[in-house]
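Features reported for this protein in Swiss-Prot:
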type: TRANSMEM; residues: 10-30; note: transmembrane segment
type: TRANSMEM; residues: 42-62; note: transmembrane segment
type: TRANSMEM; residues: 76-96; note: transmembrane segment
type: TRANSMEM; residues: 107-127; note: transmembrane segment
type: TRANSMEM; residues: 136-158; note: transmembrane segment
type: TRANSMEM; residues: 181-201; note: transmembrane segment
type: TRANSMEM; residues: 212-232; note: transmembrane segment
type: DOMAIN; residues: 248-501; note: domain 'CN hydrolase'
type: ACT_SITE; residues: Glu295; note: active site, proton acceptor
type: ACT_SITE; residues: Lys360; note: active site
type: ACT_SITE; residues: Cys413; note: active site, nucleophile
type: TRANSMEM; residues: 509-529; note: transmembrane segment
Amino acid sequence: MTRRGVLSRIASGIILAWGWKRAVIALLAGALSSLAMEPFNAWPVLFITFPIAVWLIDGSAAGKRRGVPAAAMAGWWFGFGYFVPGLYWIGYAFLVDADTFAWLLPAAICGLPAYLALFTALGFALARLLWRPDSLRILSLAVSLTISEWLRGHLLTGFPWNAFGYALTEPLVLAQSISVIGIWGLTLLTVAIFASPAVLIDGGTNTRRRWAVPAMALGVLAAMTVFGGIRLKLSPTQLVDNVRLRIMQPNLPQDARFNYSAKADVMQKYLSLSDRSTGPKSTGVRDVSLLIWPESAFPFFLSREADAMAQIAELLPKGTVLLTGAVRPPELPPGRRITRAYNSIYAIDHDGSILSVYDKLHLVPFGEFLPYQNLMEKIGFVQLTKVQGGFLSGVARHNLELPNAPPLLPLICYEAIFPDEIAIGNNRPGWMLNLTNDGWFGISSGPYQHLQQARMRAIEQGLPLVRAANTGVSAVIDPVGRIVAELGLGVEGVLDSGLPAPVAPTIYARVGELPAAVLVALVMMLVLLRKRPPGS
């Protein structure tokens, strides 16, 4: 039997599968697809799994099985299989305080993937509406999943984690396309490229025509590689003059970060680590311009603790600024009890004065707030951080101006995964700062996925990104995504580095999602116009 004959038999088995067999095929294909993401980056598996997705939708149009619901159900199983192994690490957060939250572990591991899989189901259903029995069905799937992934990233606060386009962000040469078309444009190309082998089983065409579509897909992949290689070559890492960074990664256990009685130990660890000598020529914190501590670093309100502020002032030499995460109380009348707070970044001068503050805008549902907060608290629910009333959201994203370094754009925790929220406009900063605490997720794939998505924001904007994480991975990333320096997951220490200089604003930085929107519109028009009957 020829290779095409074997492939055709496999495809026929998938197309004709029904009931539980069809669900299992979709589930396994989705699970295998998760290996395309960090830390595995085994994206060639998508050359297997996305053709299976095409054949599953082919099967929903076979005989009496015709219909959108059949495609949607296949999409749901594919998405569920994709998100469970891709997001399993979220369950670790529910074990930090196991006595309170362990009972919610099944909901975290299965409930969130079940919800996110609804968007994959929507993508398959939309693809089925646009379906036709020729090579254009590849584009139908690509544009439909791009739309559904965009919706996943925006509806109900949005969660674009592990969008399919992230499969083509490693190696770094492939990721450079994101500087033009963003993650949503890259998602469209990713699905189209990897789904293309599905047409090899199509009948009624000669061998040359059958191979034309995969050949074009490989051509796009080659063009992305060439473009990325040229961009990397033309953008060597350059450093800003007279700016030295020190990132402190304390690797504190989660319970210490929320235990007020541990405040003295926490401060002592921060102070000693920050002034650690890293070599025979190092003089500790006196060598640095910017000392950087991670997200919500203290088990207390920093600005209300005079002793802690005095210790920071004593630590910092003249000309050094501390950038640190901290929980910030709102301004209240005297005597009013504090019940809510902001998740913030402080810039603190050598005399202990607060130079500027940024309050986190995009809060984490169920981590920093609960939907219908008051009602949920009345029936006994609390979010993971146990802040009564939930955290407050900031008013607007703004640059932090510094006396000894270029202005920075602050991003706290998973704010770095939302590309279109980094609206820089005319007030372009010199770099981006991402403070996070991935210690919630243990030694798992979660922190690596978070790092990779933050790297893409650097490439999109042409700006360096500096990342300080409680347990890692802390890193200094140049404007084309190179990791200049890093401190690994689960490591205690400090990371010294220069500050990479930005490159010219990218196309994405100038026009945002416009190229991706144009690409989606053109593909949609091509699919719709070709569906019209002759003479219409």
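Cβ coordinates are placed from backbone N, Cα and C, and glycine is handled just like the others.
Below 8 A, the CB atoms of the transmembrane segment (10-30) and the transmembrane segment (76-96) form 3+ pairs separated by six or more positions in the chain. Of the recorded residues, Glu295 (active site, proton acceptor) and Lys360 (active site) place their C-alpha atoms 11 Å from one another. In this chain, the transmembrane segment (76-96) does not touch the transmembrane segment (509-529); fewer than three CB pairs sit within less than 8 A of each other, excluding pairs fewer than 6 residues apart. The transmembrane segment (42-62) makes contact with the transmembrane segment (181-201): 3 or more of their CB pairs lie within 8 A, with pairs spaced 6 or more apart in sequence.
With respect to Cβ pairs under 8 Å, the transmembrane segment (107-127) is most closely packed against 76-96, considering the stretches 76-96, 136-158, 181-201.
Proximity of distant same-chain residues to the transmembrane segment (76-96), defined by a Cβ-Cβ separation under 8 Å and at least 6 residues beyond the stretch ends, is recorded for 22-23, 26-34, 37, 53, 56, 102, 104-105, 108-110, 112-114, 116-121, 124, 161-162, 254-255, 367, 384, 440-442, 444-446, 449. Rounded to a whole number, the distance between the Cα atoms of the residue listed as 'active site, nucleophile' and Lys360 (active site) is 9 Å. For the residue listed as 'active site, proton acceptor', other Cβ atoms within 10 Å of its Cβ number 24.
Taking a C-beta cut-off of under 8 Å and a sequence gap of six or more, the residue listed as 'active site, nucleophile' has these contacts in its own chain: Glu295, Asn343, Lys360, Val364, Asn434, Leu435, Thr436, Asn437. The average per-residue pLDDT of the prediction over the domain 'CN hydrolase' (248-501) is 90, rounded to a whole number. Every protein chain shown contributes to the tally, and the Cβ of Lys360 (active site) ends up with 27 other Cβ atoms within 10 Å. In the three-state DSSP assignment, the secondary structure recorded for the residue listed as 'active site' is coil.
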